[in-house]
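Annotated domain 'Plant heme peroxidase family profile' per TrEMBL: 21-132, in sequence order.
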Amino acid sequence: MIPSNGNNNNNEDGNNNNNGRLTWNFYKKTCPKVLPVIRYVVEKAIKKEPRVGASLLRLHFHDCFVNGCDGSVLLDDSHNINGEKNSPPNKNSLRGFEVVDEIKSELDKACNASIVSCADILAVAARDSVSF
(Lines of atoms letter the chains of each structure in order from A and count residues from 1; the text may use other names and numbers.)
(Lines give C-alpha, C1' and ligand atoms only; values in the text may rest on other atoms or scores of the structure.)
Protein backbone atom coordinates (compact mmCIF):
# COMPACT_ATOMS: atom_id res chain seq x y z
CA MET A 1 0.00 0.00 0.00
CA ILE A 2 2.92 2.35 0.56
CA PRO A 3 5.14 2.85 -2.47
CA SER A 4 8.72 1.76 -2.00
CA ASN A 5 10.20 4.14 -4.51
CA GLY A 6 7.43 6.51 -5.61
CA ASN A 7 7.13 4.95 -9.04
CA ASN A 8 3.71 4.06 -10.33
CA ASN A 9 4.05 1.30 -12.88
CA ASN A 10 0.39 0.46 -13.26
CA ASN A 11 -1.14 0.37 -16.69
CA GLU A 12 -3.75 2.97 -17.59
CA ASP A 13 -6.48 0.43 -16.79
CA GLY A 14 -5.11 -0.03 -13.25
CA ASN A 15 -3.58 -3.47 -13.80
CA ASN A 16 -0.67 -4.10 -11.50
CA ASN A 17 2.61 -4.89 -13.26
CA ASN A 18 4.95 -3.63 -10.54
CA ASN A 19 7.26 -6.62 -10.37
CA GLY A 20 6.59 -7.13 -6.68
CA ARG A 21 6.92 -3.49 -5.62
CA LEU A 22 4.33 -1.93 -3.35
CA THR A 23 1.76 0.43 -4.82
CA TRP A 24 -0.88 2.87 -3.62
CA ASN A 25 -3.61 1.28 -5.67
CA PHE A 26 -2.97 -2.42 -5.17
CA TYR A 27 -6.62 -3.05 -4.25
CA LYS A 28 -8.06 -0.65 -6.85
CA LYS A 29 -9.89 -3.38 -8.77
CA THR A 30 -10.41 -6.03 -6.10
CA CYS A 31 -11.62 -3.76 -3.29
CA PRO A 32 -11.63 -0.04 -4.06
CA LYS A 33 -13.10 0.83 -0.64
CA VAL A 34 -10.05 -0.36 1.32
CA LEU A 35 -8.60 3.02 2.25
CA PRO A 36 -11.88 4.77 3.15
CA VAL A 37 -13.06 1.82 5.27
CA ILE A 38 -9.81 1.64 7.23
CA ARG A 39 -9.76 5.40 7.74
CA TYR A 40 -13.38 5.44 8.92
CA VAL A 41 -12.87 2.68 11.51
CA VAL A 42 -9.61 4.21 12.78
CA GLU A 43 -11.17 7.67 13.07
CA LYS A 44 -14.18 6.25 14.91
CA ALA A 45 -11.92 4.32 17.32
CA ILE A 46 -9.78 7.40 18.04
CA LYS A 47 -12.84 9.52 18.71
CA LYS A 48 -13.97 6.91 21.23
CA GLU A 49 -10.52 6.38 22.80
CA PRO A 50 -7.84 8.92 21.72
CA ARG A 51 -4.94 6.75 22.93
CA VAL A 52 -5.78 3.97 20.48
CA GLY A 53 -4.03 5.92 17.69
CA ALA A 54 -0.68 5.48 19.40
CA SER A 55 -1.57 1.87 20.16
CA LEU A 56 -2.14 1.11 16.46
CA LEU A 57 1.18 2.67 15.53
CA ARG A 58 2.93 0.62 18.23
CA LEU A 59 1.12 -2.53 17.09
CA HIS A 60 2.46 -2.02 13.57
CA PHE A 61 5.98 -1.41 14.91
CA HIS A 62 5.90 -4.65 16.90
CA ASP A 63 4.62 -6.52 13.87
CA CYS A 64 7.52 -5.29 11.76
CA PHE A 65 10.21 -5.57 14.43
CA VAL A 66 10.92 -9.32 14.47
CA ASN A 67 10.55 -10.84 11.00
CA GLY A 68 9.12 -8.06 8.90
CA CYS A 69 5.66 -6.57 8.50
CA ASP A 70 3.64 -9.74 8.05
CA GLY A 71 0.66 -9.42 10.39
CA SER A 72 2.04 -12.15 12.65
CA VAL A 73 1.58 -10.00 15.75
CA LEU A 74 -2.15 -10.66 15.34
CA LEU A 75 -1.80 -14.44 15.66
CA ASP A 76 -3.43 -16.11 18.64
CA ASP A 77 -1.99 -19.23 20.22
CA SER A 78 -3.14 -22.52 18.78
CA HIS A 79 -2.22 -26.14 19.42
CA ASN A 80 0.42 -25.81 16.65
CA ILE A 81 1.96 -22.41 17.35
CA ASN A 82 2.69 -19.91 20.06
CA GLY A 83 1.25 -16.72 18.62
CA GLU A 84 3.01 -13.38 18.92
CA LYS A 85 -0.06 -11.69 20.36
CA ASN A 86 0.37 -13.43 23.73
CA SER A 87 4.13 -13.81 23.76
CA PRO A 88 5.77 -12.47 26.96
CA PRO A 89 6.91 -9.13 25.51
CA ASN A 90 3.46 -8.42 24.03
CA LYS A 91 1.03 -9.94 26.53
CA ASN A 92 -0.86 -7.25 28.43
CA SER A 93 1.22 -4.66 26.59
CA LEU A 94 -0.07 -4.28 23.04
CA ARG A 95 -3.50 -2.77 22.43
CA GLY A 96 -5.71 -2.08 19.45
CA PHE A 97 -6.45 -5.65 18.41
CA GLU A 98 -10.20 -4.99 18.60
CA VAL A 99 -9.82 -2.09 16.14
CA VAL A 100 -7.96 -4.31 13.68
CA ASP A 101 -10.66 -6.98 14.10
CA GLU A 102 -13.35 -4.39 13.32
CA ILE A 103 -11.43 -3.14 10.28
CA LYS A 104 -11.05 -6.71 8.99
CA SER A 105 -14.76 -7.39 9.50
CA GLU A 106 -15.81 -4.18 7.72
CA LEU A 107 -13.41 -4.84 4.84
CA ASP A 108 -14.67 -8.39 4.39
CA LYS A 109 -18.18 -6.93 4.00
CA ALA A 110 -17.10 -4.07 1.73
CA CYS A 111 -15.02 -6.35 -0.49
CA ASN A 112 -17.47 -9.28 -0.44
CA ALA A 113 -14.55 -11.51 0.50
CA SER A 114 -11.45 -11.74 2.65
CA ILE A 115 -9.13 -9.96 0.21
CA VAL A 116 -7.10 -7.47 2.25
CA SER A 117 -4.08 -8.83 4.10
CA CYS A 118 -3.72 -8.24 7.82
CA ALA A 119 -0.26 -6.79 7.20
CA ASP A 120 -1.78 -4.18 4.87
CA ILE A 121 -4.51 -3.43 7.40
CA LEU A 122 -1.90 -2.81 10.12
CA ALA A 123 0.21 -0.58 7.86
CA VAL A 124 -2.67 1.60 6.69
CA ALA A 125 -4.26 1.76 10.15
CA ALA A 126 -0.92 2.89 11.62
CA ARG A 127 -0.62 5.54 8.91
CA ASP A 128 -4.13 6.78 9.49
CA SER A 129 -3.79 6.67 13.28
CA VAL A 130 -1.26 9.49 13.27
CA SER A 131 -3.32 11.80 11.07
CA PHE A 132 -6.03 12.64 13.62
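We count from 1, first residue shown onward.
A Cβ is built for glycine as well, from the same backbone N, Cα and C atoms used for every other residue.
For the domain 'Plant heme peroxidase family profile' (21-132), DSSP puts the residue distribution at 59 helix, 0 strand, 53 coil. Here the domain 'Plant heme peroxidase family profile' (21-132) has a mean pLDDT of 93 out of 100.
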